[in-house]
Amino acid sequence: MGLRSCTHFATLVMPLWALAFCFLVLVPVPAQTTSLQISKGDRRLQDLESNMGAESDQPNANLVGTSLSRFGDKRNQKIITFGRRVPRPIIPIELDLLMDNDDENTKAKRFDDYGHMRFGKRGGDDQFDDYGHMRFGR
């Protein structure tokens, strides 16, 4: 009876030990992941600085270093999303509805019934004849 209880106990404990081992090995510690990300960012920053130094002959290397460190920090703060970015219109839809876009009114002001463009509407409608031609001296 003692041997049977030991095997029963071993069959219960072995999967738990295997699960704990997998958890410890496969799941990274948050401190390790942040240090890895920082080291990757530093490596990218050094590569960018070396590339910028080779391409440009600027005496102000400190200014280049500070701008690149800001760029590196922003790259590390990038948020990972699950899909592509949806393009947004420049004018929001709500604002577009509130704006007065009467194309018919502007066409009526610019063109007569025959499609001729009317220029210089300071004098009113009597300045033009029925065909859209300007009247002079009448």
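Cβ coordinates come from backbone N, Cα and C, glycine included.
If you look up Swiss-Prot, you'll see F82 (among others) marked as phenylalanine amide.
Around Y114 (sulfotyrosine), taking its Cβ as the centre, 9 other Cβ atoms fall within 10 Å, counting all chains. DSSP assigns Y114 (sulfotyrosine) to coil, not to a helix or a strand. The feature sulfotyrosine is assigned by Swiss-Prot to Y114 (among others).
Residues annotated as phenylalanine amide in Swiss-Prot, with sequence analysis given as evidence: F119 (among others).
Around the Cβ of Y131 (sulfotyrosine), a 10 Å sphere holds 9 further Cβ atoms from the protein chains shown. The sulfotyrosine annotation in Swiss-Prot covers Y131 (among others).
Sequence annotations record features per position, and here Swiss-Prot assigns phenylalanine amide to F136 (among others).
What Swiss-Prot lists as signal peptide is 1-33, and the listing cites sequence analysis.
Residue pair Y131 (sulfotyrosine) / Y114 (sulfotyrosine) shows a Cα separation of 7 Å.
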